[in-house]
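Enquirer: Structure in structure tokens, see below.
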Amino acid sequence: MGRAAGALLGKLCPGLQGASSHYTQHVHQLLVRHCSSGNYTGHEEKAMLDRIIRVDHAGEYGANRIYAGQMAVLGRSSVGPIIQHMWDQEKDHLQKFNELMVAHRVRPTVLLPFWNVAGFTLGAVTALLGKKGAMACTVAVEATISNHYNNQIRTLMERDPEKYRSLLEPLVSYQRTPSQKNGTTLKKFRDEELEHHDTGLEHDAELAPAYSILNNLIQAGCRAAVYLSERV
Ligand SMILES: [Fe+2]
Ligand SMILES: [Fe+2]
């Protein structure tokens, strides 16, 4: 575009022909810089919003499948109502991200069918270790998810609030009930994930067999799931 303008300038003003090469380069650089900066912000914001919604949706979907697996094994036990309560909150989280996906035309991760099976299996297998095993799984998963939400919140807050207003907008308007004021989507969900984490600890998660190995393995798996879901 800049080169064409320079060539045209050379034709129209032959006297400037000799000087046109440097000028053309300069114009070209300016145009490229201007055109890219004009579109870059919009693309960058949309890409970031897509990434956030996609990975959070995947996380909430996975969490739902984990609690479904736990309930399949421990639904009738004494911890059934506790797991059900956490699952109900996860259903609510997932519904919010389902709505955001539709509203912002964001596709889900291609790994969703895999998280479906992997999540249910993880929930059921740890529940087969007993109540403490299920709670150990909850502690590991919820620690990773709440940490992930914290990272997202920090990243967004570090950005220019004006520039990223449109990005923050859909994520700060969530209120589940009128009594839950001032809650943003990410902060509210982060708090509820922490609540689940603490519930797990209160119900003897740390007394599960091979707790620290289990905890490290599940957290590593969850971090890998987050990494992949952000990218595909
Ligand atoms: Fe959640
Ligand atoms: Fe949770």
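These residue numbers are counts, starting from 1, taken along the chain as shown.
Glycine residues also receive a Cβ, built from the backbone N, Cα and C atoms like all the rest.
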Enquirer: From Glu45, Glu90, Glu99, grab the residue that TrEMBL records in the same Fe cation 2 site as Glu142, Glu193, His196.
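Expert: My reading of TrEMBL gives Glu90 as the candidate in that site.
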Enquirer: Check TrEMBL: it lists Glu90, His93, Glu193 as binding Fe cation 1. Then name which of Glu60, Glu202, Glu206 it lists for that same site.
Expert: Glu60
Enquirer: Reported as an integer number of Å, what is the Cα distance between Glu142 (Fe cation 2 binding site) and Glu193 (Fe cation 1 binding site)?
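Expert: Cα of Glu142 (Fe cation 2 binding site) to Cα of Glu193 (Fe cation 1 binding site) measures 5 Å after rounding.
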Enquirer: For the binding-site residues Glu60, Glu90, His93, Glu142, His196, which residues place their CB under 6 A from an atom of ligand 1?
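Expert: Listed by sequence, the hits are Glu60, Glu90, His93.
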Enquirer: Taking the Cβ of Glu142 (Fe cation 2 binding site) as the centre, how many other Cβ atoms fall within a 10 Å radius?
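Expert: That number is 24.
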